[in-house]
Amino acid sequence: MVHFTAEEKAAITSLWGQVNVEETGGEALGRLLVVYPWTQRFFDTFGNLSSASAIMGNPRVKAHGKKVLTSFGDAVKNLDNLKGTFAKLSELHCDKLHVDPENFRLLGNVLVIVLANHFGKEFTPQVQAAWQKMVTGVANALAYKYH
């Protein structure tokens, strides 16, 4: 179980309140697919993923990115129970989709990069540390069913 201090919770929730879920989610998933192209195999129904511009402009990537980032919103609301919050998604990704759990860590790291890019100086080292802790906790919660 991940323990967040009051300061970490405040840093996470304060920034989350400013996140454009649709824009940031689409960018994070798009970057994941560009930077780690082997992750594209899980999205074979998404159409054209042949280039970075095709991926970043793909409406299905954007829509699924929004869905993924919305689930991070559930994490923000349930920082003290990440494992429980992601139990069903862990089961889905393990049993049905067979996603390599390492991809959860990669997506979390990409999300931190996207947030840093969007928020600039506001994304201080302390804010980054809190978010990195959260995305690691989410990745571990999503990987739980695999163990």
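The first residue you see is number 1, and the count goes up from there.
Cβ atoms here come from the backbone N, Cα and C positions, even for glycine.
These figures come from a predicted structure and were not determined experimentally.
Copied over from Swiss-Prot, here are the features:
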BINDING   His64, His93  heme b binding site
DOMAIN    3-147  domain 'Globin'
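For the domain 'Globin' (3-147), residue counts in helix, strand and coil come to 117 helix, 0 strand, 28 coil, using DSSP.
Confidence for the domain 'Globin' (3-147), expressed as mean pLDDT, is 88.
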